[in-house]
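S.K.: Here you go, one structure.
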């Protein structure tokens, strides 16, 4: 086939682009939830202890990073979809879909965990400052869940293009 015509399965790019969208949308949903929930806790705590607001902004920042993970996978996936340059089969589309879902859903769940822990953690930290280190450790473990999704997403995305020898 010439390089100007479509090669591969014609429906396969749909699944690839769906994976890119899923990575970004679900990760950003997790980031938004985590930011909103933690932000409510920071605002509530800031009324009584305004000197702790900057110290308590950590969960909001950690939640925001989740959206970046989804963006990374979405860019990796979308750059791998070019059926006119290289054949793109259903295997490739499914690999990209699973990559996006792995990263996106891991980001969503991590965002929910960060939001809940961040909200309760900053309020508790206002009453008992010794809880800060414990809150940070829990937030790190919640963030690690999204990082696992990012790593698996990269691995799955790299599998695309390996379906057939060309």
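Glycine is no exception: its Cβ is also placed from the backbone N, Cα and C atoms.
Sharing the features that TrEMBL gives for it:
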type	residues	note
TRANSMEM	12-36	transmembrane segment
DOMAIN	18-77	domain 'V-ATPase proteolipid subunit C-like'
TRANSMEM	57-77	transmembrane segment
TRANSMEM	97-119	transmembrane segment
DOMAIN	98-156	domain 'V-ATPase proteolipid subunit C-like'
TRANSMEM	131-156	transmembrane segment
S.K.: Determine which recorded stretch among 12-36, 97-119, 131-156 has the most C-beta pairs below 8 angstroms with the transmembrane segment (57-77).
M.R.: 12-36
S.K.: Which whole-number mean pLDDT does the model give the domain 'V-ATPase proteolipid subunit C-like' (18-77)?
M.R.: 94
S.K.: How do the residues of the domain 'V-ATPase proteolipid subunit C-like' (18-77) split into helix, strand and coil according to DSSP?
M.R.: 57 helix, 0 strand, 3 coil
